[in-house]
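Listed in TrEMBL:
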- 1-14: compositional bias 'Basic and acidic residues' (COMPBIAS)
- 162-172: compositional bias 'Basic residues' (COMPBIAS)
- 174-187: compositional bias 'Polar residues' (COMPBIAS)
- 40-167: domain 'ALOG' (DOMAIN)
- 1-44: region 'Disordered' (REGION)
- 158-187: region 'Disordered' (REGION)
Amino acid sequence: MSSKGKDVAAERSSSRSSSSTIPPSHVDHQQQQQPAPLSRYESQKRRDWNTFGQYLRNQRPPIALPQCNSNHVLEFLRYLDQFGKTKVHLQGCLFFGQPEPPGPCTCPLRQAWGSLDALIGRLRAAYEENGGLPETNPFASGAIRVYLREVRDSQGKARGIPYKKKKKKKNLMKPNTNIGSSSFPMQ
């Protein structure tokens, strides 16, 4: 092959490789279209929503989301207790009412009230984000609030830890003792 032929062949291969590469502006545009990673809350909410949907599908017969009511939600919360890590002493247990029992007992492990409360909040939001109406939201029913209150109170008594509602801090302004005078030095 002559030197001219080599030059033409090299030119063709370089033009092929440069035409097959994506221009930098196009690459930047593709990267901009990728969605931002979900926050921890959004990821957990999606995971909880999928778990609840799977729970409904596994029921015999399966329950469609529009037929779901507060009773199904209560059954789901009770089902989750088997995966709990919080020791809840029974009324007859020697350690009932002791926050730090000195020994082991056979009392069951349950989901902690705070975990259930947060779960219901995420599922309540996810229900409405997925097309559910606020008026028909099974996670917002009075029965769920009553159940959560009972769990909170029973766990508080069983563990000797009362749950007290945090008082909102009032934003008290200090009275200005220098009324009429400026805090700036006089010159």
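Glycine residues also receive a Cβ, built from the backbone N, Cα and C atoms like all the rest.
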Where DSSP helix means H, G or I and strand means E or B, what are the helix, strand and coil counts for the domain 'ALOG' (40-167)? 77 helix, 4 strand, 47 coil
Which whole number is the mean pLDDT over the domain 'ALOG' (40-167)? 91
